[in-house]
Amino acid sequence: MHKQVEIFTDGSCLGNPGPGGYGAILRYQQHEKTLSEGFFMTTNNRMELLAAIVALEALKFPCKITLTTDSQYVRQGITKWIHSWKKRQWRKADKSPVLNVDLWKRLDKAIERHEIEWHWVKGHAGHDENERCDELAKAAAQSPTKEDTGYLESQQDKT
């Protein structure tokens with residue numbers, strides 16, 4: 001039987017694009033772990049995605065997961081849109097390329113071995129764990145330590 005894990009995630013960006021960070025809480029029985037990291041230049045959607053990715057990648061074994069996010073972009077993307085994107089070689093219905101494809105591919109791989117139920121909560125509405133993740137993400141964004149190479153590469157492609 002797989003371990004039952006709760007994951008809560010949030011991303012933050014001070015400007016969009018701008019310095020950003022993610023925050024995640026992983027809970028298994030009475031154990032809780034927090035994850036956060038800040039990036040010099042990124043977007044809010046990239047941080048929302050990265051929060052879920054890093055949390056899932058932190059799990060050593062296949063788990064049964066309830067993942068709660070305040071990002072419809074992440075929830076809809078992974079539960080609905082990704083199937084069509086993959087069929088169209090990572091293009092949207094209008095033939096334009098999917099944004100953040102590096103992270104969508106990474107998230108797609110991260111979910112493979114888990115059974116995940118995706119939940120959405122309204123951000124800044126008093127959901128305790130979401131508020132804590134928001135605080136972690138904002139603090140990380142205010143003290144960035146890493147480059148978001150995927151974001152930087154996507155910007156170079158535009159020039």
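Cβ atoms here come from the backbone N, Cα and C positions, even for glycine.
Marked as domain 'RNase H type-1' by Swiss-Prot: 1-142.
Feature annotation from Swiss-Prot assigns Mg(2+) 2 binding site to D10, D134; the stated evidence is sequence analysis. Non-local contacts of D10 (Mg(2+) 2 binding site) by the CB criterion (under 8 A, 6+ apart in sequence, same chain) comprise Y22, G23, A24, E48, A51, T69, D70, S71, G123, N130, C133, D134, L136, A137.
As annotated by Swiss-Prot, Mg(2+) 1 binding site applies to D10, E48, D70, with the evidence given as sequence analysis. Within 10 Å of the Cβ of D70 (Mg(2+) 1 binding site) there are 23 other Cβ atoms, across all protein chains.
Residues annotated as region 'Disordered' in Swiss-Prot: 135-159.
Residue counts for the compositional bias 'Basic and acidic residues' (145-159) by DSSP state, with H, G and I taken as helix and E and B as strand, are 10 helix, 1 strand, 4 coil. Taken from Swiss-Prot, the feature compositional bias 'Basic and acidic residues' applies to 145-159.
In the shown protein chains, 19 other C-beta atoms lie within 10 A of the C-beta of D134 (Mg(2+) 2 binding site). Residues D10, E48, D70 make up the record's Mg(2+) 1 site, and a Cβ search at 8 Å around their centroid adds T9, G11, S12, M47, A51, T69, S71, V74, G123, N130, C133, D134, A137 from the same chain.
Cβ-based neighbour count (10 Å, all protein chains) for E48 (Mg(2+) 1 binding site) stands at 28.
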